[in-house]
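As recorded in Swiss-Prot:
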- N93, V180: K(+) 1 binding site (BINDING)
- G150, A151, W152, K176, P177, S178, E179, E229, V230, G231, T232, G253, C285, E386: NAD(+) binding site (BINDING)
- K162: active site, charge relay system (ACT_SITE)
- L245, K456, G459: K(+) 2 binding site (BINDING)
- D247: site 'Seems to be a necessary countercharge to the potassium cations' (SITE)
- E251: active site, proton acceptor (ACT_SITE)
- C285: active site, nucleophile (ACT_SITE)
- C285: cysteine sulfenic acid (-SOH) (MOD_RES)
- E463: active site, charge relay system (ACT_SITE)
Amino acid sequence: MTAQSAQPLYIGGRPVDATSGETFTVTNPYDGSLLATIGQASQADVDSAVQAAQRGQREWAAMTGMERSRILLRAVALLRERNDELAELETRNTGKPISETASVDIVTGADALEYYAGLAPAIEGSQIPLRDTRLVYTRREPLGVIGAIGAWNYPIQIACWKAAPALAAGNAIVFKPSEVTPLTALKLAEIFTEAGLPDGVFNVVQGDGRVGAMLTEHEGIAKVSFTGEVGTGKKVMAAAGGSTLKDVTMELGGKSPLIVFADADLDRAADAAMMANFYSSGQICTNGTRVFVERSAKEAFEAKLVERVARIKAGDPMDPSVNFGPLVSFEHQEKVLSYIALGKEQGARVLAGGDAWNSGEWAKGAWAAPTVFTDCTDEMRVVKEEIFGPVMSVLAFDDEEEVIRRANNTKYGLAAGVFSESLNRAHRVIHQLEAGICWINTWGESPSEMPVGGYKESGIGRENGVETLNHYTQTKSVQIEMGPFESVF
């Protein structure tokens, strides 16, 4: 793939050159090649995008739910039609294997749009009778313009997840993708326009954290939806509340426990632990990186992990047979490799991997070997801190009460999972785990019907599921009096 020319922003239904005079580059993490030069948005560009969104939102909100649904479904059809083209672009930008992006990233983004397209005509209020001559009815009205800030690990999926409920409810969006993986956002904007979305209803402003700050502080933004790390999320929330008391939805980090009891199907649990740590090279917020294994099953479970790690096929992400790609950037590679070194320093035993993969044929890419640490303790930094890479920590436990206490001993609360053939125990344990997304005898799938979000410092609000529509509407109450009006004057 040859380097693309400087890419514009997308404002008011068309490409628009950034006015800041600044640009940034986007590279392929597999070989370091240049993919694109992108224009950095200025404050004037953000203002223009918000104004375009305000104009477009009025037209969009005036449509019926059925009319909005038809347009969203046309966008779904275009996404599915262009799945392979978009998957290739996503793979070259993120480094994720084409086997993943072609089967998950665009598919699940389109699924979310299709799901909320079906719900758009069903958004309704309620009627509350007070007496024969008096009643109250409610309307669920859109918030207005949503500022959406995406993460770099699932660029187009996250854009769709944020757009779907917001658009279904009649809002407009100004979307800022991560500056690390910004390429598919512009394609999505073009698809929305082609599908018939009114000009200005979906805008894209490119750039670094400065652009995100412009959105969170903008008086024309009614709500901010952010996906990213906890530290940035706190800054976003402070800015959103400090400017105009904006509503916020946040999907933040995690250090999720995956608990394997001795009675579990160990092959199934080992398969899940592999997916929960090495899919997308470990760059998934819900990953089960703290793998607690009942002591009597630990040795057998570890043997199954070693066998499975040996079967991983790393290589060119465009090769359909490859199932493990590089990390998203060379900067992120440095972070992950530093944690692998730290794990060794703090006494964790390397069960598999532990290599830098930065020499020979691997030197040109942002690689880190899939790594399994064992004999870990809860105090180790590789156990406590989010690494966001292919690093699994295995910890032994002796009883149910102990593992629940240790699993909950974290500032995070995004996800959790239990593997046991006793469904009574599995449900009992899950109900005591402090996490918003939980799985029993499986891991990782987040269908559009399932609310996604975290407890504690892992987030606020939810994405996906019916209840998320409530986060993109506001309730107006109307009281009607059909009898005489009584005044004390």
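Just so it is clear, glycine is given a Cβ too, placed from its N, Cα and C backbone atoms.
Here the structure is a predicted model, which means the values were calculated and not measured.
Positions of Swiss-Prot features highlighted on the structure.
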residue : record                           : DSSP (3 states)
G150    : NAD(+) binding site              : coil
K162    : active site, charge relay system : helix
P177    : NAD(+) binding site              : coil
T232    : NAD(+) binding site              : helix
E251    : active site, proton acceptor     : strand
C285    : NAD(+) binding site              : coil
K456    : K(+) 2 binding site              : helix
E463    : active site, charge relay system : strand
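Across the structure, D247 (site 'Seems to be a necessary countercharge to the potassium cations') and W152 (NAD(+) binding site) are spaced 23 Å apart at their Cα atoms. Here the recorded positions are E179, D247, E251, and the one ringed by the most other CB atoms within 10 angstroms is E251. Around W152 (NAD(+) binding site), taking its Cβ as the centre, 21 other Cβ atoms fall within 10 Å, counting all chains.
Taking the C-alpha atom of K162 (active site, charge relay system) as reference, the shortest distance to any of the recorded positions T232, E251, G459 belongs to E251.
Each residue contributes its Cα atom, and for E463 (active site, charge relay system) and K456 (K(+) 2 binding site) those atoms are 16 Å apart. Comparing local CB density within 10 A for the binding-site residues V230, C285, the maximum falls on C285. If you measure from the Cα atom of N93 (K(+) 1 binding site) to that of G150 (NAD(+) binding site), you get 15 Å.
Under the DSSP three-state reduction, N93 (K(+) 1 binding site) is assigned to helix. Between the listed binding-site residues, namely N93, T232, the fewest other CB atoms within 10 angstroms of a CB are found at T232. If you compare Cα positions, L245 (K(+) 2 binding site) sits closest to G150 out of the binding-site residues G150, E179, V180. When Cβ neighbours within 10 Å are tallied across all protein chains shown, the highest count among the recorded positions K162, K456 belongs to K162.
Between the C-alpha atoms of C285 (NAD(+) binding site) and V180 (K(+) 1 binding site), the distance comes to 17 Å.
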